[in-house]
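Structure first, then comments.
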Amino acid sequence: MFSPPDTDSATRSTDQDALHARLSASRLGYIPDPWAALFLSRPQGVQNRPGLINVGTWLRTRSVDLLVEEFIARVEGGGKVQVLSVGAGSDTRFWRLATGPLKDRLAKYIEVDFPEITSSKARSIWKHARLKVVLGACKLDAGGTALHSEVYHLLPFDLRQPPAALGALLNLDAALPTLLLAECVLPYMPPEAGGALLHWATAGLGLGGERVPVGVVLYEMFGLGDAFGGVMRENLAARGVSIPGTLPSLHALQERFEAAGYTQSSALTLQDIRTHYVPRSETERVATLELIDEYEELDLVLRHYAVAWASKGLAGEGEGEWGLRKAGEGEES
């Protein structure tokens with residue numbers, strides 16, 4: 001039923017790829033992330049990534065950050081929210097939020113991943129005062145695979161298990177708006193497991209009865225039926241990584257949301273975001289960071305990655321929908 005252990009290990013290794021990419025993008029000025037290096041034992045040994053990877057990391061980070069921030073801003077009355085980040089790996093978004101202007105809006109921020117990942121992250125947090133001080137009082141649990149503080153919680157869980165088992169661990173608040181984050185997670189899961197996770201969120205998060213509002217933000221590869229996708233699958237397979245949960249199109253991403261009960265959904269390729277959703281001033285700033293020759297290859301890669309989001313019961317649905325804004329809509333271009 002489950003993938004063999006060596007495949008799990010290979011899948012877990014993709015988190016290091018993402019961490020190295022964030023460190024590279026931060027070093028070169030694409031994104032502000034002073035925390036990424038703290039999750040590496042030897043950050044000085046990590047080489048900077050090629051320009052097309054840095055651009056992709058910038059677009060991914062910027063887009064997901066904006067969606068998270070707007071979700072929080074749309075909560076009525078300036079109330080608190082809870083964020084559940086599944087397959088979070090070494091992600092640093094909690095520290096960026098918890099040291100920014102929205103820190104008082106976080107009631108809970110829960111990260112879930114394989115125990116091998118969470119134990120490594122817990123060790124890094126425990127080791128570095130800069131990480132730990134943001135949490136305040138905290139304690140290790142479950143043999144060092146879990147960590148708890150007042151707001152931040154790190155939990156081990158195999159997401160291929162039924163979502164009801166996850167819900168039993170989370171201690172979520174039924175009264176609070178909840179945002180589910182899954183960045184490069186669902187493609188590595190069986191399709192039925194990914195669909196069950198999305199449906200679990202709209203069906204009440206295991207808290208009894210429907211509870212709203214709820215939102216979800218995904219970042220993942222898609223449309224791998226072409227030559228580019230074939231090469232990607234071959235490269236991943238050579239590492240022992242399979243991606244059974246990839247979908248064929250942007251439309252399929254939205255259909256999956258609709259099947260799971262969301263009432264508003266959108267999806268954009270990173271190429272669309274780069275072309276239409278980034279202010280000119282930011283595009284010009286990034287263009288000065290390093291010389292990129294392979295623009296055709298960059299566009300090809302960006303066309304195969306998407307940011308997708310959906311909600312149910314969020315304030316303003318049907319009016320100005322929650323989502324990314326085209327350059328010039330609400331911000332200077």
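From the backbone N, Cα and C atoms, a Cβ is placed for every residue, glycine too.
According to TrEMBL, the feature S-adenosyl-L-methionine binding site maps to ARG60, GLY87, ASP158, LEU159, GLU183. If you draw a 10 Å sphere around the CB of GLU183 (S-adenosyl-L-methionine binding site), it holds 21 other CB atoms from the protein chains shown.
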Residue among binding-site residues ARG60, GLY87, ASP158, LEU159 with least C-beta crowding, 10 angstrom cut-off: ASP158
